[in-house]
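Worksheet: one structure, shown below.
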Amino acid sequence: MVNKNAIILAAGKGTRMKSKLYKVLHEVCGRPMVDHVLTEVEKTEPATVVTIVGHGAEKVKDYLGDRSQYALQAEQLGTGHAVLQAEDLLKDQDGITIVVSGDTPLLTAGTFEKLFAYHHDKGAKATILTATAPDPTGYGRIIRNDIGIVEKIVEQKDTNDKEAAVNEINTGVYCFDNKTLFQALHEVTNENAQGEYYLTDVVEILKKKGEIVAAYKMPNFEESMGVNDRVALSQATKVMRQRINTAHMRNGVTLIDPESTYIEVGVKIGNDTIIEPNVVLKGNTTIGSDCFVGAGSTIIDSTIEDNIQITSSTIESAIMHTGSNIGPNSHLRPNAEIGVDVHVGNFCEVKNAKIGDRTKIGHLSYVGDATLGTDINVGCGVVFVNYDGVAKHHANVGSHVFIGSNSNIVAPVEIADHTFIAAGSTITDDVPEKAMAIARARQTNKENYWAKLPVAKDEEWQ
């Protein structure tokens with residue numbers, strides 16, 4: 001088996017992005033562009049991956065960690081100069097090396113493997129990945145001779161009129177014989193319009209030495225898209241979204257309107273789940289089978305088990321167990337855990353709380369920093385009062401408890417099993433098992449008081 005290495009070019013400043021964020025760290029469907037590239041490269045099982053970093057180097061290293069080795073390009077002197085920075089890490093290795101830009105998030109491992117195979121079949125020292133561009137402006141052109149052999153690559157600013165009319169472009173991905181690559185790089189000069197050391201000049205150097213230079217034309221130009229500004233970022237995101245959504249539908253998920261459904265890379269969805277329009281699924285989210293996610297819902301970094309109904313609600317870093325349901329217009333905040341067959345109705349919020357099986361929280365309630373047992377009824381307008389202005393406090397509620405509407409549960413407090421909280425109560429003390437707690441002022445009726453009220457003199461109120 002041929003030894004494979006990879007060099008990822010990630011040193012560009014990305015000035016056209018007009019951003020404080022390092023270009024290759026801009027996200028496409030939830031992951032930085034350079035992560036997409038590295039993930040696909042890793043699928044080809046390279047022996048060594050070297051990422052060339054420059055501006056914002058530490059942020060790239062922090063994100064990718066030990067998945068790659070790194071070489072610093074302190075000055076931006078061109079792609080040839082960038083690749084040369086990996087020399088100390090790779091120059092003595094046999095085999096082949098792929099060079100790919102860190103801002104091409106749509107490239108796939110399948111394309112890389114086809115490039116490797118073509119390179120091997122042609123016995124080439126260098127193979128260029130090319131594509132036919134509808135509009136080649138801005139790309140380096142592939143110049144072939146009369147019998148179709150690659151002669152050179154000409155950068156946009158160095159083209160003449162005839163060369164500029166060529167629509168076969170250089171995608172910026174190459175496969176080289178590793179040792180040949182670094183030998184040739186030392187012969188590259190910066191005698192061009194940009195005053196830079198072009199990696200593309202290696203092609204001409206090898207041709208002059210009589211080496212075989214091949215070009216594999218990929219069938220899908222869209223896959224080669226490089227991202228240099230926010231417009232291209234949105235275009236790449238659109239393509240990636242379509243890939244992701246298509247994969248889920250082929251795996252048995254119903255997307256009512258794929259065009260309006262945003263699902264990030266890494267989200268897992270079981271079969272026979274239905275996703276309505278304008279749903280957003282992000283981060284490390286898993287959704288089971290036979291679920292329903294209603295229009296306008298957002299789920300982030302959460303686990304949704306089987307047979308769950310979510311109606312127009314937001315769920316963040318939470319867990320919903322089998323058979324539960326939520327919404328419309330409710331919010332599970334971080335560390336909320338909803339038990340089996342639990343009902344969380346409309347306009348409710350649950351935060352840092354565990355809700356036991358079969359408990360019902362019907363509407364207009366807040367449950368924060370609490371543990372609730374099983375088979376509880378939480379009435380309308382119940383508030384778990386968890387913050388004293390300085391610190392958060394926890395409330396524990398047992399099982400088989402009835403909490404009447406408009407009650408306040410002031411933590412820290414313990415409410416035992418089989419208890420009843422009367423409507424309108426403000427509970428500040430522990431409630432023992434099988435007790436009923438009433439904590440409100442006694443009602444007073446004042447006879448004939450109506451006549452003393454100002455409205456009594458208004459004819460409309462007579």
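Each Cβ is built from the backbone N, Cα and C atoms, and glycine gets one as well.
Taken from Swiss-Prot, the feature active site, proton acceptor applies to His363, supported by sequence analysis. In the three-state DSSP scheme, His363 (active site, proton acceptor) is classed as strand.
The UDP-N-acetyl-alpha-D-glucosamine binding site annotation in Swiss-Prot covers 9-12, Lys23, Gln73, 78-79, 101-103, Gly140, Glu155, Asn170, Asn228, Arg333, Lys351, Tyr366, Asn377. In sequence order, Gly14, Arg16, Met17, Lys23, Asp103 are the residues near Asn228 (Mg(2+) binding site), counting only same-chain partners six or more apart with C-beta under 8 A.
DSSP gives Asn228 (Mg(2+) binding site) a coil state; it is part of no helix or strand. Annotation source Swiss-Prot lists Mg(2+) binding site at Asp103, Asn228, citing sequence analysis.
In sequence order, Gly379, Cys380, Gly381, Val382, Ala423, Gly424 constitute the residues six or more apart from Ser405 (acetyl-CoA binding site) in its chain with CB-CB distances below 8 Å. Under the DSSP three-state reduction, Ser405 (acetyl-CoA binding site) is assigned to coil, being neither helix nor strand. What Swiss-Prot lists as acetyl-CoA binding site is Asn386, Tyr387, Ser405, Ala423, Arg440, and the listing cites sequence analysis.
Looking just at the region 'Pyrophosphorylase' (1-230), the mean pLDDT is 94. What Swiss-Prot records for 1-230 is region 'Pyrophosphorylase'.
The feature region 'Linker' is assigned by Swiss-Prot to 231-251.
Residues or ranges marked as region 'N-acetyltransferase' in Swiss-Prot (evidence: sequence analysis): 252-462.
In terms of C-alpha distance, the listed recorded positions His363, Asn386, Tyr387 place His363 closest to Asn377 (UDP-N-acetyl-alpha-D-glucosamine binding site). Remark: Arg440 (acetyl-CoA binding site) has Ala422, Gly424, Ser425, Thr426 as non-local neighbours, by Cβ distance under 8 Å and separation of at least 6 in sequence. Of all the binding-site residues in the record (Glu155, Arg333, Asn386), the one with the smallest CA separation from His363 (active site, proton acceptor) is Arg333. A count of other CB atoms within 10 A of each Cβ picks out Gly102 as the most crowded of the binding-site residues Gly12, Gly78, Gly102. When secondary structure is read from DSSP and collapsed to three states, Tyr387 (acetyl-CoA binding site) falls in the strand class. The Cα of Asn386 (acetyl-CoA binding site) lies closest to that of Arg333, out of the binding-site residues Gly12, Glu155, Arg333. On its own chain, Leu9 (UDP-N-acetyl-alpha-D-glucosamine binding site) has Ile52, Thr79, Ala82, Val83, Val99, Val100, Ser101, Gly102, Gly172 as residues at least 6 apart in sequence with a Cβ closer than 8 Å to its own Cβ. The distance from the Cα of Glu155 (UDP-N-acetyl-alpha-D-glucosamine binding site) to the Cα of Tyr387 (acetyl-CoA binding site) comes to 63 Å.
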